[in-house]
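Step one of this worksheet: look at the structure below.
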Amino acid sequence: MSTAALITLVRSGGNQVRRRVLLSSRLLQDDRRVTPTCHSSTSEPRCSRFDPDGSGSPATWDNFGIWDNRIDEPILLPPSIKYGKPIPKISLENVGCASQIGKRKENEDRFDFAQLTDEVLYFAVYDGHGGPAAADFCHTHMEKCIMDLLPKEKNLETLLTLAFLEIDKAFSSHARLSADATLLTSGTTATVALLRDGIELVVASVGDSRAILCRKGKPMKLTIDHTPERKDEKERIKKCGGFVAWNSLGQPHVNGRLAMTRSIGDLDLKTSGVIAEPETKRIKLHHADDSFLVLTTDGINFMVNSQEICDFVNQCHDPNEAAHAVTEQAIQYGTEDNSTAVVVPFGAWGKYKNSEINFSFSRSFASSGRWA
(Lines of atoms letter the chains of each structure in order from A; the text may use other names.)
(Lines give C-alpha, C1' and ligand atoms only; values in the text may rest on other atoms or scores of the structure.)
Protein backbone atom coordinates (compact mmCIF):
# COMPACT_ATOMS: atom_id res chain seq x y z
CA MET A 1 0.00 0.00 0.00
CA SER A 2 1.42 3.41 -0.93
CA THR A 3 2.30 6.09 1.60
CA ALA A 4 -0.33 8.42 0.17
CA ALA A 5 -3.01 5.77 0.51
CA LEU A 6 -2.02 5.08 4.11
CA ILE A 7 -2.13 8.73 5.06
CA THR A 8 -5.48 9.15 3.33
CA LEU A 9 -6.87 6.11 5.12
CA VAL A 10 -5.69 7.18 8.54
CA ARG A 11 -6.27 10.93 8.37
CA SER A 12 -9.40 11.19 6.31
CA GLY A 13 -10.91 7.93 5.11
CA GLY A 14 -14.61 7.44 4.54
CA ASN A 15 -17.54 7.97 6.82
CA GLN A 16 -17.18 4.50 8.23
CA VAL A 17 -13.60 5.13 9.33
CA ARG A 18 -14.48 8.46 10.94
CA ARG A 19 -17.38 6.87 12.78
CA ARG A 20 -15.10 4.08 14.01
CA VAL A 21 -12.56 6.58 15.32
CA LEU A 22 -15.33 8.43 17.16
CA LEU A 23 -16.59 5.19 18.67
CA SER A 24 -13.05 4.23 19.62
CA SER A 25 -12.41 7.53 21.41
CA ARG A 26 -15.68 7.21 23.32
CA LEU A 27 -14.86 3.67 24.33
CA LEU A 28 -11.37 4.58 25.51
CA GLN A 29 -12.80 7.40 27.62
CA ASP A 30 -15.25 5.04 29.30
CA ASP A 31 -13.17 1.87 29.42
CA ARG A 32 -11.49 0.87 32.65
CA ARG A 33 -7.71 0.56 32.35
CA VAL A 34 -6.22 -2.90 32.83
CA THR A 35 -3.13 -2.72 35.04
CA PRO A 36 -0.56 -5.47 35.72
CA THR A 37 -2.53 -6.72 38.72
CA CYS A 38 -4.10 -10.14 39.12
CA HIS A 39 -7.87 -10.10 38.85
CA SER A 40 -10.13 -12.80 40.25
CA SER A 41 -11.68 -15.20 37.79
CA THR A 42 -15.13 -13.98 38.81
CA SER A 43 -14.56 -10.47 37.51
CA GLU A 44 -16.79 -9.42 34.64
CA PRO A 45 -15.00 -9.73 31.30
CA ARG A 46 -14.67 -6.63 29.17
CA CYS A 47 -15.78 -6.79 25.55
CA SER A 48 -14.48 -4.43 22.87
CA ARG A 49 -16.96 -4.82 20.02
CA PHE A 50 -18.19 -2.25 17.54
CA ASP A 51 -21.25 -2.00 15.30
CA PRO A 52 -21.15 1.47 13.69
CA ASP A 53 -23.83 0.54 11.19
CA GLY A 54 -26.24 -0.50 13.92
CA SER A 55 -26.38 -4.07 12.62
CA GLY A 56 -25.19 -5.58 15.88
CA SER A 57 -22.37 -7.42 14.12
CA PRO A 58 -18.67 -6.77 14.79
CA ALA A 59 -17.29 -3.94 12.68
CA THR A 60 -14.37 -4.72 10.42
CA TRP A 61 -12.11 -2.92 7.99
CA ASP A 62 -12.67 -5.54 5.32
CA ASN A 63 -13.96 -2.86 2.94
CA PHE A 64 -10.46 -1.40 2.95
CA GLY A 65 -8.73 -4.78 2.53
CA ILE A 66 -6.91 -4.53 5.83
CA TRP A 67 -7.92 -6.94 8.62
CA ASP A 68 -10.85 -8.33 10.55
CA ASN A 69 -10.51 -7.09 14.10
CA ARG A 70 -12.93 -6.97 17.03
CA ILE A 71 -10.64 -4.72 19.09
CA ASP A 72 -10.43 -1.25 17.63
CA GLU A 73 -7.01 0.36 17.75
CA PRO A 74 -5.63 3.51 16.09
CA ILE A 75 -3.00 3.21 13.38
CA LEU A 76 0.68 3.89 14.12
CA LEU A 77 1.36 6.26 11.25
CA PRO A 78 5.21 6.46 11.15
CA PRO A 79 5.71 2.65 11.35
CA SER A 80 2.90 2.12 8.84
CA ILE A 81 4.65 4.42 6.38
CA LYS A 82 8.03 2.81 7.14
CA TYR A 83 6.80 -0.74 6.50
CA GLY A 84 4.27 0.14 3.80
CA LYS A 85 1.22 -1.37 5.50
CA PRO A 86 -1.18 -0.45 8.32
CA ILE A 87 0.17 -1.29 11.78
CA PRO A 88 -2.25 -0.98 14.71
CA LYS A 89 -1.21 0.59 18.00
CA ILE A 90 -1.24 -2.04 20.76
CA SER A 91 -2.87 -0.48 23.83
CA LEU A 92 -1.99 -1.82 27.27
CA GLU A 93 -5.63 -1.30 28.23
CA ASN A 94 -6.48 -4.30 26.06
CA VAL A 95 -3.84 -6.67 27.45
CA GLY A 96 -5.36 -9.52 29.47
CA CYS A 97 -3.79 -11.15 32.52
CA ALA A 98 -4.70 -13.77 35.11
CA SER A 99 -2.85 -15.75 37.78
CA GLN A 100 -4.15 -18.67 39.85
CA ILE A 101 -2.51 -20.13 42.95
CA GLY A 102 -3.69 -23.68 42.23
CA LYS A 103 -3.10 -26.06 45.14
CA ARG A 104 0.15 -24.45 46.25
CA LYS A 105 0.48 -22.61 49.54
CA GLU A 106 1.92 -19.55 47.82
CA ASN A 107 1.76 -18.05 44.34
CA GLU A 108 5.37 -17.69 43.16
CA ASP A 109 4.38 -16.55 39.65
CA ARG A 110 4.82 -12.91 38.69
CA PHE A 111 3.92 -11.02 35.52
CA ASP A 112 4.34 -7.52 34.18
CA PHE A 113 3.73 -5.32 31.15
CA ALA A 114 4.55 -1.70 30.44
CA GLN A 115 5.22 0.91 27.78
CA LEU A 116 8.97 1.55 27.95
CA THR A 117 9.17 4.19 25.19
CA ASP A 118 6.90 5.52 22.46
CA GLU A 119 8.12 2.64 20.28
CA VAL A 120 8.69 -0.27 22.71
CA LEU A 121 6.29 -2.35 24.81
CA TYR A 122 7.37 -4.88 27.46
CA PHE A 123 5.60 -8.09 28.54
CA ALA A 124 6.92 -10.73 30.94
CA VAL A 125 6.13 -13.75 33.11
CA TYR A 126 8.34 -15.12 35.87
CA ASP A 127 7.78 -18.49 37.59
CA GLY A 128 9.69 -18.61 40.84
CA HIS A 129 10.89 -21.69 42.72
CA GLY A 130 12.52 -22.07 46.10
CA GLY A 131 10.42 -19.13 47.22
CA PRO A 132 9.33 -16.00 45.33
CA ALA A 133 12.50 -13.95 45.93
CA ALA A 134 14.05 -14.33 42.47
CA ALA A 135 10.73 -13.79 40.68
CA ASP A 136 10.07 -10.71 42.81
CA PHE A 137 13.54 -9.38 41.99
CA CYS A 138 12.93 -9.74 38.25
CA HIS A 139 9.47 -8.21 38.55
CA THR A 140 10.96 -5.22 40.36
CA HIS A 141 14.14 -4.64 38.34
CA MET A 142 13.89 -6.13 34.83
CA GLU A 143 11.81 -3.30 33.36
CA LYS A 144 14.26 -0.60 34.50
CA CYS A 145 17.24 -2.65 33.37
CA ILE A 146 15.79 -2.92 29.85
CA MET A 147 14.95 0.80 29.79
CA ASP A 148 18.52 1.68 30.75
CA LEU A 149 19.85 -0.46 27.90
CA LEU A 150 17.49 0.78 25.18
CA PRO A 151 19.46 3.98 24.34
CA LYS A 152 22.70 1.98 24.12
CA GLU A 153 21.66 -1.15 22.21
CA LYS A 154 19.37 -1.17 19.16
CA ASN A 155 19.43 -4.94 18.61
CA LEU A 156 16.65 -6.16 20.91
CA GLU A 157 17.93 -9.75 21.02
CA THR A 158 21.32 -8.55 22.22
CA LEU A 159 19.65 -6.12 24.61
CA LEU A 160 17.54 -8.84 26.26
CA THR A 161 20.53 -11.13 26.62
CA LEU A 162 22.44 -8.34 28.38
CA ALA A 163 19.44 -7.58 30.60
CA PHE A 164 19.03 -11.20 31.71
CA LEU A 165 22.71 -11.50 32.58
CA GLU A 166 22.75 -8.17 34.43
CA ILE A 167 19.66 -9.09 36.47
CA ASP A 168 21.14 -12.49 37.33
CA LYS A 169 24.38 -10.84 38.45
CA ALA A 170 22.49 -8.27 40.51
CA PHE A 171 20.37 -10.94 42.19
CA SER A 172 23.52 -12.93 42.96
CA SER A 173 25.02 -9.91 44.74
CA HIS A 174 21.75 -9.29 46.57
CA ALA A 175 21.50 -12.91 47.73
CA ARG A 176 25.11 -13.16 48.90
CA LEU A 177 24.80 -9.96 50.93
CA SER A 178 21.51 -11.06 52.48
CA ALA A 179 21.28 -12.78 55.83
CA ASP A 180 18.61 -15.04 54.33
CA ALA A 181 20.43 -18.20 53.22
CA THR A 182 17.36 -19.46 51.34
CA LEU A 183 18.05 -16.87 48.62
CA LEU A 184 20.99 -18.99 47.47
CA THR A 185 18.55 -21.67 46.26
CA SER A 186 15.84 -19.32 45.02
CA GLY A 187 15.42 -19.02 41.26
CA THR A 188 12.96 -18.19 38.54
CA THR A 189 12.11 -18.73 34.92
CA ALA A 190 11.89 -15.60 32.78
CA THR A 191 10.07 -15.14 29.50
CA VAL A 192 10.20 -11.55 28.25
CA ALA A 193 8.77 -10.11 25.03
CA LEU A 194 9.52 -6.69 23.54
CA LEU A 195 7.35 -5.23 20.78
CA ARG A 196 8.88 -2.35 18.78
CA ASP A 197 6.91 -0.18 16.34
CA GLY A 198 3.96 -2.57 16.66
CA ILE A 199 5.62 -5.05 14.29
CA GLU A 200 9.03 -6.25 15.55
CA LEU A 201 8.51 -8.90 18.24
CA VAL A 202 11.53 -10.23 20.16
CA VAL A 203 11.27 -12.89 22.86
CA ALA A 204 13.93 -14.08 25.31
CA SER A 205 13.53 -16.91 27.80
CA VAL A 206 15.21 -19.08 30.40
CA GLY A 207 13.42 -22.02 31.99
CA ASP A 208 10.09 -23.49 30.94
CA SER A 209 7.67 -20.56 30.78
CA ARG A 210 6.51 -20.15 27.20
CA ALA A 211 5.60 -17.61 24.55
CA ILE A 212 3.17 -18.56 21.77
CA LEU A 213 2.09 -16.49 18.77
CA CYS A 214 -1.28 -17.42 17.28
CA ARG A 215 -0.97 -17.08 13.48
CA LYS A 216 -3.92 -18.04 11.27
CA GLY A 217 -5.44 -19.83 14.25
CA LYS A 218 -2.39 -22.06 14.79
CA PRO A 219 0.29 -21.83 17.50
CA MET A 220 3.79 -20.67 16.63
CA LYS A 221 6.10 -21.52 19.51
CA LEU A 222 8.57 -18.73 20.19
CA THR A 223 10.39 -20.46 23.07
CA ILE A 224 11.91 -23.88 23.74
CA ASP A 225 11.91 -25.30 27.28
CA HIS A 226 15.31 -25.51 28.96
CA THR A 227 15.23 -28.96 30.54
CA PRO A 228 17.77 -31.78 31.08
CA GLU A 229 15.86 -33.74 28.43
CA ARG A 230 17.45 -31.56 25.75
CA LYS A 231 20.68 -33.15 24.56
CA ASP A 232 22.53 -29.84 24.21
CA GLU A 233 21.48 -28.68 27.66
CA LYS A 234 22.35 -32.00 29.28
CA GLU A 235 25.81 -31.98 27.69
CA ARG A 236 26.53 -28.51 29.09
CA ILE A 237 25.50 -29.60 32.58
CA LYS A 238 27.83 -32.60 32.44
CA LYS A 239 30.76 -30.58 31.02
CA CYS A 240 30.44 -28.17 33.95
CA GLY A 241 30.60 -30.98 36.50
CA GLY A 242 26.89 -31.32 37.17
CA PHE A 243 24.76 -34.41 36.79
CA VAL A 244 21.19 -35.31 35.86
CA ALA A 245 19.09 -37.51 38.15
CA TRP A 246 15.53 -38.72 37.70
CA ASN A 247 12.93 -38.48 40.44
CA SER A 248 10.26 -41.05 41.29
CA LEU A 249 8.04 -39.69 38.50
CA GLY A 250 10.75 -40.14 35.90
CA GLN A 251 11.46 -36.41 35.60
CA PRO A 252 15.11 -35.35 35.09
CA HIS A 253 16.61 -32.79 37.48
CA VAL A 254 19.96 -31.01 37.55
CA ASN A 255 21.92 -32.42 40.52
CA GLY A 256 18.66 -34.02 41.59
CA ARG A 257 17.22 -30.59 42.49
CA LEU A 258 16.19 -28.38 39.55
CA ALA A 259 13.89 -29.33 36.66
CA MET A 260 15.39 -26.70 34.33
CA THR A 261 18.85 -26.01 32.96
CA ARG A 262 18.61 -22.22 32.65
CA SER A 263 17.22 -19.77 35.17
CA ILE A 264 17.81 -16.51 36.95
CA GLY A 265 19.09 -17.23 40.46
CA ASP A 266 19.78 -20.79 41.68
CA LEU A 267 23.23 -19.66 42.77
CA ASP A 268 24.14 -23.05 44.23
CA LEU A 269 23.89 -24.58 40.73
CA LYS A 270 25.87 -22.00 38.74
CA THR A 271 29.03 -24.12 38.90
CA SER A 272 27.00 -27.10 37.64
CA GLY A 273 26.08 -25.49 34.34
CA VAL A 274 22.78 -23.75 35.13
CA ILE A 275 23.06 -20.44 33.25
CA ALA A 276 21.03 -17.25 32.90
CA GLU A 277 21.84 -16.62 29.24
CA PRO A 278 18.52 -16.68 27.36
CA GLU A 279 17.64 -18.09 23.99
CA THR A 280 16.06 -15.40 21.83
CA LYS A 281 13.79 -15.20 18.81
CA ARG A 282 12.87 -12.29 16.57
CA ILE A 283 9.77 -12.29 14.37
CA LYS A 284 7.98 -9.77 12.17
CA LEU A 285 4.27 -9.62 12.92
CA HIS A 286 1.64 -10.04 10.19
CA HIS A 287 -1.33 -8.25 11.70
CA ALA A 288 -3.68 -9.64 9.06
CA ASP A 289 -2.87 -13.17 10.31
CA ASP A 290 -1.57 -12.79 13.88
CA SER A 291 -4.28 -12.84 16.55
CA PHE A 292 -2.34 -12.62 19.79
CA LEU A 293 0.76 -13.37 21.83
CA VAL A 294 0.30 -15.40 25.01
CA LEU A 295 2.89 -15.87 27.76
CA THR A 296 2.26 -18.79 30.12
CA THR A 297 3.89 -20.52 33.09
CA ASP A 298 4.27 -24.27 33.46
CA GLY A 299 1.11 -24.68 35.52
CA ILE A 300 -0.61 -24.18 32.17
CA ASN A 301 1.99 -25.59 29.79
CA PHE A 302 2.16 -29.05 31.34
CA MET A 303 -1.64 -29.46 31.24
CA VAL A 304 -2.90 -27.55 28.18
CA ASN A 305 -1.19 -27.95 24.82
CA SER A 306 -0.39 -25.06 22.52
CA GLN A 307 -3.25 -25.64 20.08
CA GLU A 308 -5.74 -25.85 22.94
CA ILE A 309 -4.45 -22.55 24.30
CA CYS A 310 -4.99 -20.92 20.90
CA ASP A 311 -8.46 -22.41 20.60
CA PHE A 312 -9.57 -21.33 24.08
CA VAL A 313 -8.30 -17.78 23.57
CA ASN A 314 -9.91 -17.54 20.13
CA GLN A 315 -13.33 -18.29 21.60
CA CYS A 316 -13.16 -15.38 24.05
CA HIS A 317 -14.50 -11.86 23.53
CA ASP A 318 -11.50 -10.04 24.94
CA PRO A 319 -7.97 -10.79 26.20
CA ASN A 320 -8.82 -10.45 29.88
CA GLU A 321 -11.54 -13.08 29.56
CA ALA A 322 -9.09 -15.21 27.56
CA ALA A 323 -6.35 -15.09 30.21
CA HIS A 324 -8.82 -16.24 32.86
CA ALA A 325 -10.18 -18.96 30.57
CA VAL A 326 -6.72 -20.44 30.01
CA THR A 327 -5.72 -20.45 33.69
CA GLU A 328 -9.07 -21.87 34.76
CA GLN A 329 -8.87 -24.58 32.09
CA ALA A 330 -5.49 -25.66 33.47
CA ILE A 331 -7.09 -26.02 36.90
CA GLN A 332 -9.96 -28.04 35.41
CA TYR A 333 -7.43 -30.32 33.75
CA GLY A 334 -5.86 -30.97 37.15
CA THR A 335 -2.86 -28.68 37.54
CA GLU A 336 -1.66 -28.23 41.10
CA ASP A 337 0.93 -25.58 40.27
CA ASN A 338 0.52 -21.81 40.02
CA SER A 339 -0.74 -20.86 36.56
CA THR A 340 -0.35 -17.46 34.90
CA ALA A 341 -1.24 -16.12 31.46
CA VAL A 342 -0.69 -12.77 29.73
CA VAL A 343 -2.60 -12.28 26.45
CA VAL A 344 -1.59 -9.49 24.03
CA PRO A 345 -4.05 -8.90 21.14
CA PHE A 346 -2.82 -8.17 17.62
CA GLY A 347 -4.47 -7.13 14.37
CA ALA A 348 -6.30 -10.39 13.63
CA TRP A 349 -7.90 -10.63 17.08
CA GLY A 350 -11.32 -12.26 16.67
CA LYS A 351 -10.68 -13.35 13.10
CA TYR A 352 -10.39 -17.04 14.00
CA LYS A 353 -13.14 -17.10 16.61
CA ASN A 354 -15.04 -19.80 14.77
CA SER A 355 -12.05 -22.14 14.49
CA GLU A 356 -12.70 -25.67 15.65
CA ILE A 357 -11.91 -26.42 19.29
CA ASN A 358 -9.71 -29.50 19.31
CA PHE A 359 -9.78 -30.83 22.83
CA SER A 360 -11.11 -33.96 24.46
CA PHE A 361 -14.35 -33.60 26.38
CA SER A 362 -13.65 -36.93 28.08
CA ARG A 363 -10.30 -35.54 29.23
CA SER A 364 -12.00 -32.42 30.52
CA PHE A 365 -14.69 -34.31 32.41
CA ALA A 366 -12.22 -36.84 33.84
CA SER A 367 -9.86 -34.12 35.01
CA SER A 368 -12.65 -32.19 36.66
CA GLY A 369 -13.75 -35.28 38.60
CA ARG A 370 -17.20 -35.52 37.04
CA TRP A 371 -16.58 -39.13 36.02
CA ALA A 372 -14.70 -40.11 39.19
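Yeah, the Cβs are placed from backbone N, Cα and C, and that goes for glycine too.
According to Swiss-Prot, the feature region 'Disordered' maps to 34-55. The region 'Critical for association with the BCKDH complex' annotation in Swiss-Prot covers 46-61. The domain 'PPM-type phosphatase' annotation in Swiss-Prot covers 94-346 and is backed by sequence analysis. Look at Swiss-Prot and you will find Asp127, Asp298, Asp337 tagged as Mn(2+) 2 binding site. Taken from Swiss-Prot, the feature phosphoserine covers Ser248.
Spacing of Asp337 (Mn(2+) 2 binding site) relative to Ser248 (phosphoserine) is 18 Å (Cα to Cα, whole number).
Comparing local CB density within 10 A for the binding-site residues Asp127, Asp298, Asp337, the maximum falls on Asp127. Within 8 Å of the centroid of the Cβ atoms of Asp127, Asp298, Asp337, where the record puts Mn(2+) 2, the same chain has further Cβ atoms from Asp109, Thr189, Asp208, Ser209, Thr297, Gly299, Ile300, Asn301, Phe302, Asn338, Ser339. Each residue contributes its Cα atom, and for Ser248 (phosphoserine) and Asp298 (Mn(2+) 2 binding site) these two points are 19 Å apart.
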